[in-house]
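Below: the structure, in structure tokens.
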Amino acid sequence: MRTLWIMAVLLVGVEGSLVELGKMILQETGKNPLTSYGAYGCNCGVGGRGKPKDATDRCCYVHKCCYKKMTDCDPKKDRYSYSWKDKTIVCGEKNSCLKELCECDKAVAICLRENLDTYNKKYKNNYLKPFCKKADAC
């Protein structure tokens, strides 16, 4: 639990409700979200942009597109609540904007789990994101 708290503190202010997003990724994939996805490919983590390197990176690309479609809330600041029931993420917000934010995060966590077999360690610490090729618009 302490590791999760440290991870959350490190991620605060990067994008979205990162405490919740980090928990979802950990629950769905069993991987540490910061060390496994914090700088993965061209789209996962801070400053992500560019043509996805693989299906795992595409999950992050789609997630960023999901955030861009939001107009009534701020994914960088707004927080939501969810629960983990029978190994399933349940978004519990009545506020439509916060529910949409939760659903975006839920979708990326599930996508990352479903694409664990495409996870490639050579893309894990990709700090050369400025050299990623331009991606298609969302």
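Each residue, glycine too, has its Cβ placed from N, Cα and C.
These figures come from a predicted structure and were not determined experimentally.
In this structure, Cys132 (disulfide bond) belongs to neither helix nor strand by DSSP; it is coil. Residues or ranges marked as disulfide bond in Swiss-Prot (evidence: similarity to another entry): Cys42-Cys132 (among others).
What Swiss-Prot lists as disulfide bond is Cys44-Cys60 (among others). Other Cβ atoms within 10 Å of the Cβ of Cys60 (disulfide bond) number 22 in total over all chains.
DSSP assigns Cys59 (disulfide bond) to a helical segment in the three-state reduction. In this view, Cys59 (disulfide bond) is surrounded by 26 other Cβ atoms within 10 Å of its Cβ, with every protein chain counted. Under the heading disulfide bond, Swiss-Prot lists Cys59-Cys111 (among others), citing similarity to another entry as support.
Cys65 (disulfide bond) carries a helical DSSP state (H, G or I). Taken from Swiss-Prot, the feature disulfide bond applies to Cys65-Cys138 (among others), supported by similarity to another entry.
Cβ-based neighbour count (10 Å, all protein chains) for Cys104 (disulfide bond) stands at 24. The feature disulfide bond is assigned by Swiss-Prot to Cys66-Cys104 (among others).
Taken from Swiss-Prot, the feature disulfide bond covers Cys73-Cys97 (among others), and the record attributes it to similarity to another entry. Around the Cβ of Cys97 (disulfide bond), the number of neighbouring Cβ atoms within 10 Å comes to 16.
Marked as disulfide bond by Swiss-Prot: Cys91-Cys102 (among others). In the three-state DSSP scheme, Cys91 (disulfide bond) is classed as strand. All protein chains included, Cys91 (disulfide bond) registers 19 other Cβ atoms within 10 Å of its own Cβ.
In the three-state DSSP assignment, the secondary structure recorded for Lys121 (site 'Important residue of the cationic membrane-docking site (MDoS)') is helix. Cβ neighbour count for Lys121 (site 'Important residue of the cationic membrane-docking site (MDoS)') (all protein chains, 10 Å cutoff from its Cβ): 8. Per Swiss-Prot, site 'Important residue of the cationic membrane-docking site (MDoS)' is recorded for Lys121 (among others).
The region 'Important for membrane-damaging activities in eukaryotes and bacteria' annotation in Swiss-Prot covers 121-134 and is backed by similarity to another entry.
All protein chains shown were included, and the count of other CB atoms within 10 Å of the CB of Lys124 (site 'Important residue of the cationic membrane-docking site (MDoS)') stands at 16. Residues or ranges marked as site 'Important residue of the cationic membrane-docking site (MDoS)' by Swiss-Prot: Lys124 (among others).
The feature site 'Hydrophobic membrane-disruption site (MDiS)' is assigned by Swiss-Prot to Leu128 (among others), with similarity to another entry given as support.
Taken from Swiss-Prot, the feature site 'Cationic membrane-docking site (MDoS)' applies to Lys129 (among others).
Neighbour count (other Cβ atoms within 10 Å of the Cβ, all protein chains): 9 for Phe131 (site 'Hydrophobic membrane-disruption site (MDiS)'). For Phe131 (among others), the entry in Swiss-Prot reads site 'Hydrophobic membrane-disruption site (MDiS)'.
Among the features that Swiss-Prot reports, site 'Cationic membrane-docking site (MDoS)' is placed at Lys134 (among others), with the record citing similarity to another entry. Lys134 (site 'Cationic membrane-docking site (MDoS)') counts 9 other C-beta atoms within 10 Å of its own C-beta, drawing on all protein chains shown.
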Cα separation, Cys104 (disulfide bond) to Cys132 (disulfide bond) (Å, whole number): 24
Nearest recorded site to Cys65 (disulfide bond) by CA-CA distance, among recorded positions Cys73, Cys91, Lys121, Lys124: Cys73
Rounded Cα-Cα span from Cys44 (disulfide bond) to Lys134 (site 'Cationic membrane-docking site (MDoS)'), Å: 15
Close disulfide-bonded residues near Cys104 (disulfide bond), where close means Cα within 10 Å, chosen from Cys44, Cys73, Cys97, Cys138: none
